[in-house]
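As recorded in TrEMBL, the features of this protein are as follows:
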- 12-53: repeat 'WD' (REPEAT)
- 54-95: repeat 'WD' (REPEAT)
- 96-137: repeat 'WD' (REPEAT)
- 138-174: repeat 'WD' (REPEAT)
- 180-221: repeat 'WD' (REPEAT)
- 228-262: repeat 'WD' (REPEAT)
- 263-297: repeat 'WD' (REPEAT)
- 310-340: repeat 'WD' (REPEAT)
- 352-393: repeat 'WD' (REPEAT)
- 394-435: repeat 'WD' (REPEAT)
């Protein structure tokens, strides 16, 4: 399975419950997230550092919105209130009370003077953001209001509801102006385009629709497997982002309905998406308790050509190795066999069987023709990797062979065991050339300093990132950080895991 992680910029970790909503400040320097842990967090988008954590709600924070001047954030909660907070200090400015049930959605008007909220009882309320006074109450839905959004001119308010209706209201009078019919599905999420001419709506019914505001007609319909939890327009109005119950994030061409890209962003439900003001970054929240930032301009960055995951192993992968030419990966298996796989496709090529104990170390010869494997069966084996034939079983160690090293010319191979015995072998005849407890003698005999003179690797793992040519390219999710072994070539890194998974990352 391929996961498009090349677009991934940062993962913000700190919430202890599912994250439900996210919004950027107008200058793009700050990100605010809401969570079922009852808190809001304010983050620095450049560093990913948490600036403030705002606590005050007694139940889930279900929705947040940032004022146009970036000074205030509104939060709606299942405690039936809306709170307004100072973004800089974290101080609670106002608590808006009036809903009789859970608040599911909030939005700021373009002038920042009004806050809209939608609740579980189907009511929509408009509030004065300066005084906290309730200005208008709209009872137009028969079930919870999943989403509310103002038009860019502030004259209209759109709402999507669990009652499977999508409505547009006059902000001044509260009157229903447009009833958009034909949207199957419930829990409808809505978003206005930047020019105010189009409304996007998505629902759990796996349907994404674009509507013409003036005519009330459906302009475009897109089938989205997995259902839609949230939708957002890019600032230029050319792209639409949607996220699903399966954790997938999609970017769509607004004019054609064609998919730009699919980002397998979360392993569980993705709950909301938001574009940065410059349109270059997309933020997403999820029931995995994280906030993730993605590079929207995916095609412009140097790609990671392959991320190959294979899990034919049924248990612990104790050792992995990659050939010097980067074409093959060797990985140990719980049945003591060794699997040779194609680095670029992950396809199995050859299975090497012969050890009677776990394989603890492996290395390829410099000419890519042999594999040496050390095992807890106290033996060292040399294999022809083209035919899969065992060339030699080298016996003499009395404990686990934990290290195998070829000389630079491949004529000798060195082995080390747990009881500190060092041996050197002729790779052509299998003859033991040296047995010593002296590391320096062994290293000299095998030409260890020369053997280690490999080309400088351009790929490495640093602070949970795969780094290529000093550039962060691939962030490793939490479940991929505890690897049991890893191996590098010039532009490839291979990681083995206790659950039997092997991850190959090839960079170009």
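Numbers here mean position along the shown chain, with the first residue as 1.
Each residue, glycine too, has its Cβ placed from N, Cα and C.
No curator has checked TrEMBL annotations; they are predicted automatically.
Same-chain neighbours of the repeat 'WD' (54-95): 17, 20-27, 30, 32-36, 38-42, 101-108, 110-112, 115, 117, 119, 127, 129, 131-132, counting only residues six or more beyond its ends whose CB sits under 8 Å from a CB of the stretch.
Within its own chain, the repeat 'WD' (96-137) is flanked in space by residues 59, 62-69, 72, 74-84, 143-150, 152-154, 157, 159, 161, 163, 169, 171, 174, which lie at least six positions past its ends and keep a Cβ under 8 Å from the stretch.
Same-chain neighbours of the repeat 'WD' (228-262): 4, 7, 147, 187, 189-195, 198, 200-204, 206-208, 210, 220-222, 268-275, 277-279, 282, 284, 286, 288, 294, 296, 298, counting only residues six or more beyond its ends whose CB sits under 8 Å from a CB of the stretch. If one looks beyond the repeat 'WD' (180-221) by at least 6 residues along the same chain, the residues whose Cβ comes under 8 Å of a Cβ in the stretch are 143-144, 146-153, 156, 158-168, 227-233, 235-237, 240, 242, 245, 252, 254, 257. Sequence-remote contacts of a segment are chain residues at least 6 beyond its ends whose Cβ falls under 8 Å from one of its Cβ atoms, and for the repeat 'WD' (12-53) they are 59-66, 68-70, 73, 75, 77, 85, 87, 89-90, 269, 271-278, 281, 283-293, 478.
For the repeat 'WD' (180-221), the model's average pLDDT works out to 87.
For the repeat 'WD' (263-297), the DSSP counts in helix, strand and coil order read 0 helix, 20 strand, 15 coil.
As a summary of secondary structure, the repeat 'WD' (180-221) carries 0 helix, 20 strand, 22 coil according to DSSP. Remark: secondary structure over the repeat 'WD' (54-95) totals 0 helix, 24 strand, 18 coil, with classes taken from DSSP.
Taking H, G and I as helix, E and B as strand and the rest as coil, DSSP gives the repeat 'WD' (228-262) the counts 0 helix, 19 strand, 16 coil. Mapped onto DSSP classes, the repeat 'WD' (352-393) shows 0 helix, 22 strand, 20 coil.
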